[in-house]
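Colleague: Dumping what TrEMBL says about this protein:
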- 43-160: domain 'LD-carboxypeptidase N-terminal' (DOMAIN)
- Ser140: active site, nucleophile (ACT_SITE)
- 215-330: domain 'LD-carboxypeptidase C-terminal' (DOMAIN)
- Glu246: active site, charge relay system (ACT_SITE)
- His316: active site, charge relay system (ACT_SITE)
Amino acid sequence: MKRRQFLTTTAITAVSFSLIPRKVVSNNFPLIKPPHLQPGDGVGIISPAGATFKEDDLNIVIEAVKALKLVPKVGQYALDRYGYLAGKDRERTSDINQFFADDNIALILPIRGGWGSARLLPYLDYDLIRRNPKIICGFSDITSLLLAIYAKTGLVTFHAPNGFSSWRTAQTESFRQVLFSGEKLTFRNVPDPDDANRLMRVKNRIQTITKGQAKGKLIGGNLTTLASIAGSPYLPDFTSAILFLEDIGEDVYEIDRLLNQLKLAGIFDNLAGFIFGQCSNCSADSDYGSLTLEEVIREYIQPLKIPACLGLMIGHLEIIETIAIGIEVEFDANRGTITMLESAVSKP
């Protein structure tokens, strides 16, 4: 996602990030797991970021929710518009807070990403959220909500489909297994059908940056969004974490800039493992030389000497797996797998 306006490369910015106290990104609340989903549970549909310009897009989301055997409830401001945003900040936040307070809601589902979720972080009622744990999911710009809620409450959140995702069979099955059944899954790249008659795998390949295995809490999301709140009190503690990142539509030099911002903010200092998923439509800019995405990632990550890989199918894809933020996992950089060591939801 193009967000050049959020980033600067001046020496002043570099110095300011280098002076950020490490404790600013850590609140260390006890882990809270939301109750698992059951047929008949209520779903609060929200628009925390970009505006939904077509009412039929909302109708499609409602149909998807009903097909999951859940009951949709549309937020009061879900179809509002304030320029490119889905309404004013406090109104969009109001829908989130009200759904967390609603005993009939078990899942909070954004319609789409875009931009704007980070503007809501100061207005969320984190005490209310901590007292009323529910599943909140999404990806892309929703990363800021997922990380802030986890950081400020300890609630497990989910890098998972937005409402207006494809909801194809594989995506829906992952969603059901993690959020309804509470299963502990292993995530790995599946073979592309185009490779069925080949002697070797050409597509959906893993590139190991540093060999090894690691255990730790899984934290991450969209790189641009995460970098935009670096240095704020809305990021969790990354100590001993397995960090996963993905992005879309950024030139390689911009990925370089974003990774450098995370480095200056100290986010790479004490990681247990590193995963870079997919960077959809990310290409080298000929005006800036010929560094590849792999070269840039290796330059930042290899010196850390932690298990790391590139190419897991996490990102802006047709099939979006449901990945829990905050739970313990085992990461194998050789095989490119993430294994959940605990259920992400609570069951009676």
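We count from 1, first residue shown onward.
Yeah, the Cβs are placed from backbone N, Cα and C, and that goes for glycine too.
TrEMBL annotations: computationally assigned, not manually curated.
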Colleague: Distance check, please: Cα of Ser140 (active site, nucleophile) against Cα of His316 (active site, charge relay system), rounded to an integer number of angstrom.
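Modeller: Distance between the two Cα atoms comes out at 8 Å.
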Colleague: Which residues in the same chain, at least 6 apart in sequence, have a Cβ under 8 Å from the Cβ of His316 (active site, charge relay system)?
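Modeller: Once residues fewer than 6 apart are set aside, His316 (active site, charge relay system) is near Phe139, Ser140, Glu246, Ile248, Gln278, Ser280.
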Colleague: Please list, for the domain 'LD-carboxypeptidase N-terminal' (43-160), how many residues fall into helix, strand and coil according to DSSP.
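Modeller: Across the domain 'LD-carboxypeptidase N-terminal' (43-160), DSSP assigns the residues as follows: 53 helix, 25 strand, 40 coil.
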Colleague: When you measure from the Cβ of Glu246 (active site, charge relay system), how many other Cβ atoms are you left with inside 10 Å?
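Modeller: Step by step: centre on the Cβ of Glu246 (active site, charge relay system), count other Cβ atoms within 10 Å, giving 26.
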Colleague: Going by DSSP, is Glu246 (active site, charge relay system) part of a helix, a strand, or coil?
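Modeller: In three-state terms, Glu246 (active site, charge relay system) counts as strand.
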Colleague: Using DSSP reduced to three states, classify His316 (active site, charge relay system) as helix, strand or coil.
Modeller: coil
